[in-house]
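Visitor: Please read through the structure below; I'll follow up with questions.
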Amino acid sequence: MGRVEDGTLKNMGPLSQKCLEPEPDAPSQPGPALWSRGLAHTQALVGGSSLQQLDPENTGFIGADSFAGLVHSHELPLDPAKLDMLVALAQSNEQGQVCYQELVDLISSKRSSSFKRAIANGQRALPRDGPLDEPGLGVYKRFVRYVAYEILPCEVDRRWYFYRHRSCPPPVFMASVTLAQIIVFLCYGARLNKWVLQTYHPEYMKSPLVYHPGHRARAWRFLTYMFMHVGLEQLGFNALLQLMIGVPLEMVHGLLRISLLYLAGVLAGSLTVSITDMRAPVVGGSGGVYALCSAHLANVVMNWAGMRCPYKLLRMVLALVCMSSEVGRAVWLRFSPPLPASGPQPSFMAHLAGAVVGVSMGLTILRSYEERLQDQCGWWVVLLAYGTFLLFAVFWNVFAYDLLGAHIPPPP
């Protein structure tokens, strides 16, 4: 029988050159410890010589009936529920076979219960060819294929998403938020007759949507500031990123997860400003935008080898340059306003707070495709940290301003 070493199976013949080895997108596969446990468990079940009997032609696929017969004849310790799911998975394949990698994933319990239910319901029907090999696709299906290769680092997940995706429900959250921001901007632009640097207009800060430290008792402002923008340049930057990154993320990970991440970044942005830049107002959806972007970029970096998006290094550099330039512009407007202003200009700390939320909470969400967040210890750690921050921020806003004697500009 072979030996497990550094996450690969040694001395097991030609089969180990196909499904036994991780694909090029190995970083997105289970960690070395889990991979080794899965392979060791499978070895303990079938043995090295039995693998050659199950796959005599070295195709990399194992017949489920043959494997089930081996389990029953040798009285091997396999959970009956897993055996049923294995048979259901094989029945969804035209040849009634299972790739060895899927067998390892099943035995090692790599996936969550949602994945197992999908197998049991016969929904994980995966052709052997990847989505890029599909000829004659329509425009929308080509877009779905593009999204799969832009967002997901694992080929199995990409193929499953591609074949099971449905156009209903559409990604309405990011589109709705972007549309609302554009409508609000147009309304205020027409009312103030000003389209650039609107915050310098004396009537702008009177909006009930803007977060202002003098109105922090009006709790809705900690979220509604995301609909207001400094000018056309900030709105254009945020809307572009929301549509280019937010919509694909919502298509893959769903409305609930992406809306939670976006709103968490928005809320963290205004609360961080209330703690670190106590005299400054906040406008714009940059907290949520930077949460999405930083989470996606961090996910790409951590799964670099598995990502199949073209020109990923060039695009990564361009994204970082654009995001850094936007932060630099916000810092310049905060401390060196180009026009006379009646009070402090909006803070830039919301950008940084959103990035922190993206790297922590966002990365946990994006790395959990088709896995339940509540089953992961890391998710609860992130929630505890975020909840602690919220509690601290609430107490700070209630007591710290008076205790520190902070001089707050009078609200308009």
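Glycine too: its Cβ is placed from the backbone N, Cα and C atoms.
A TrEMBL annotation is a machine prediction, not a hand-curated record.
TrEMBL lists Ser286 with the feature active site, nucleophile. Residues or ranges marked as active site by TrEMBL: His351. Annotation comment: TrEMBL describes 218-367 as domain 'Peptidase S54 rhomboid'. Sequence annotations record features per position, and here TrEMBL assigns region 'Disordered' to 1-32. Residues or ranges marked as transmembrane segment by TrEMBL: 172-191, 222-243, 255-275, 287-306, 313-335, 347-366, 378-399.
Let's see these features in context: how buried, what's close, how far.
Guide: A sphere of 10 angstroms centred on the C-beta of Ser286 (active site, nucleophile) encloses 32 other C-beta atoms.
Take the CB of His351 (active site) and look out to 10 A: across all protein chains shown you find 23 other CB atoms.
Taking H, G and I as helix, E and B as strand and the rest as coil, DSSP gives the domain 'Peptidase S54 rhomboid' (218-367) the counts 110 helix, 1 strand, 39 coil.
If you look at the transmembrane segment (255-275), the same-chain residues 6 or more away from its ends with a CB under 8 A from one of its CBs are 169, 171-174, 177, 211, 213, 216, 221-223, 225-226, 246, 249, 282, 285-292, 295, 347, 349-354, 356-358, 361-362, 365, 373, 386, 389-390, 393, 396-397, 400.
Among residues of the same chain six or more beyond the transmembrane segment (347-366), those with a C-beta under 8 A of the stretch's C-beta atoms are 151, 249, 253, 257-258, 260-261, 264-266, 268-273, 276-277, 280-282, 284, 286-296, 298-299, 302, 323, 326-327, 330-331, 333-334, 373, 376, 378-379, 382-383, 385-386.
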Visitor: To the nearest whole angstrom, state the Cα distance for the pair Ser286 (active site, nucleophile) and His351 (active site).
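Guide: With the alpha carbons as reference points, the distance is 6 Å.
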